[in-house]
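Trainee: Here it is, the structure, as structure tokens.
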């Protein structure tokens, strides 16, 4: 595979999707840096596992080690202060009247991509990589393809740059996300994502399942578990390089 000689900045939360996207970026770009956001999320454990994941990628994947650069953590406490959601308040996860779960944090990805672009501007990084998808049962408005394209246009107009926002998972479900990780880094990466990444909205690191740690009952745990089972059941099916790009 011929890699882009430029620099990519990956929005890296410490979850399954962003870890997979980090591997994708390391396979596709010569230089990769990461950015994370602390907005007071109730599942803050995802931020705590980030250093472990970055270190393991450096030690376990020699081909990627030299391409993985700096990590940047941004304090976004103000987002948690103005958001009344299940991810920023101690309330039970439920559906809102508009059909979206109350785990939706309005404006989150718009702000994340804006701050990431500001950092990318300083780093002279043209590429932004984010693990959003519109294939989940609940597709958040700021995770949809048309929203991301609109954000890219706004950033380019507002900064007079030519950023490209890459969304490797946009049209992939969770089973296909597991398959992409397997294709990129083999069983070693799949195992690292299982053991090291965190997706559970409850922040549960006590209960270990075949697909990783979590409460096993929240929306994200259910999606991750279902995707894992489908991925393992289809593991023997051949996968082409075209399907993974």
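Cβ atoms here come from the backbone N, Cα and C positions, even for glycine.
Heads up, here are the entries from Swiss-Prot:
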BINDING   12, 13, 14, 15, 16, 17, 18, 19, 20, 21, 22  ATP binding site
BINDING   200, 215, 218, 221  Zn(2+) binding site
Trainee: Other residues near the ATP site, CB within 8 A of the CB centroid of 12, 13, 14, 15, 16, 17, 18, 19, 20, 21, 22?
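Mentor: The surrounding set, listed in chain order, is 131, 197.
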Trainee: Restricting the comparison to the binding-site residues 200, 215, 218, 221, which residue's C-alpha is spatially nearest the C-alpha of residue 14 (ATP binding site)?
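Mentor: Of all the candidates listed, 200 is nearest in space.
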Trainee: What is the set of residues, excluding 200, 215, 218, 221, whose C-beta falls within 8 angstroms of the centroid of the C-beta atoms at the Zn(2+) site?
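Mentor: So the additional residues around the site are 199, 201, 202, 204, 214, 216, 217, 219, 220, 222.
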Trainee: Given the binding-site residues 215, 218, 221, find the one whose Cα is closest in space to the Cα of residue 16 (ATP binding site).
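Mentor: Closest by Cα distance to residue 16 (ATP binding site) among the binding-site residues 215, 218, 221: 221.
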Trainee: Write down the Cα-Cα distance for residue 18 (ATP binding site) and residue 218 (Zn(2+) binding site), rounded and given in Å.
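Mentor: Pair distance, Cα basis, whole Å: 19 Å.
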Trainee: Return the single residue from the binding-site residues list (20, 218) that has the minimum number of other CB atoms within 10 Å.
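Mentor: Output over binding-site residues 20, 218: least Cβ neighbours within 10 Å is 218.
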Trainee: Between the Cα atoms of residue 20 (ATP binding site) and residue 215 (Zn(2+) binding site), find the distance and write it as a whole number of Å.
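Mentor: Spelling it out, the Cα of residue 20 (ATP binding site) and the Cα of residue 215 (Zn(2+) binding site) are 21 Å apart.
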Trainee: Near residue 12 (ATP binding site), which residues of its chain come within a Cβ-Cβ distance under 8 Å, counting only those 6 or more away in sequence?
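Mentor: Within the chain, residue 12 (ATP binding site) has Cβ neighbours under 8 Å at 18, 19, 21, 22, 34, 35, 36, 50, 71.
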Trainee: Hey, what's the Cβ neighbour count for residue 18 (ATP binding site) at 10 Å?
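Mentor: Its Cβ shell of radius 10 Å holds 25 other Cβ atoms.
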Trainee: If we count other C-beta atoms within 10 Å, could you say which of the binding-site residues 22, 215 has the fewest?
Mentor: 215
